[in-house]
Amino acid sequence: MALNGFVEFFQKGKTFRPKKKFSPGTLRYSLYKQAQASLNSGINLRAVVKLPPGEEINDWIAVHVVDFFNRINLIYGTVAEYCLETSCPTMSGGPKFEYLWADGNKYKKPTPLPAPQYVSLLMDWIETQINNENLFPVSTDIPFPKTFLALCRKILTRLFRVFVHVYIHHFDRIVAIGAEPHVNTCYKHFYYFIREFDLVGPRELEPLQEMTSRICHDPSPSPEPGSQTSTTQ
């Protein structure tokens, strides 16, 4: 599948939540456009995720967290009408994996919830984080907080669980609407990114391990002189 078709799919579709956008003229908007251009060019997805020379890693991660939030919103939006409390009474990834919700406020202890409620709370929670300029600064004059990387790990780990649920419980719907190649490409992009910067723990990746080994087999790009090497093999 051509990557430009993938980009068009995610630009035209309806998201489960309103899209978070970067303001034109900001550094993160420029990085976002650079990342989109790389996807459009059809270059290897392993290469797309690498930190561009001279850029700050926190800026690069911030751009991708927001972009993945938007994309996974869209993916879930395509199955949301089939993901009901009756059909999905737990937020699970098959019989071995159940995800409990905790947010430190209303849900202080990990709590089992129906999948649609879990995803709704998750997307609200992420939206709150990325719209908080103390956590995701808009201006490069404001430094990222020390907790930024830990927060991004938490966001991406929880977004991965949406992939797990969609692939395991709603893949028939994805296939029926012809979205399988787009969802697979988004998953590969996400997977290579979290592996490149070691952002999601290996245990979290277990539910999709078999599928990952089947679809994520792009060759590693040859390192360029002076370029950053992957933090995870």
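Here the Cβ of each residue, glycine as well, is placed from N, Cα and C on the backbone.
Whatever TrEMBL says is automated annotation, not expert-curated.
The following features are taken from TrEMBL:
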BINDING   Cys83, Cys88, His165, His170  Zn(2+) binding site
REGION    213-233  region 'Disordered'
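Other than Cys83, Cys88, His165, His170, the residues of this chain whose Cβ falls within 8 Å of the Cβ centroid of the Zn(2+) site are, in sequence order, Val79, Tyr82, Ser87, Ala115, Pro116, Val119, Val166, His169. Shown in sequence order, Val79, Tyr82, Cys83 are the residues of the chain, 6+ apart in sequence, with a C-beta less than 8 angstroms from the C-beta of His170 (Zn(2+) binding site).
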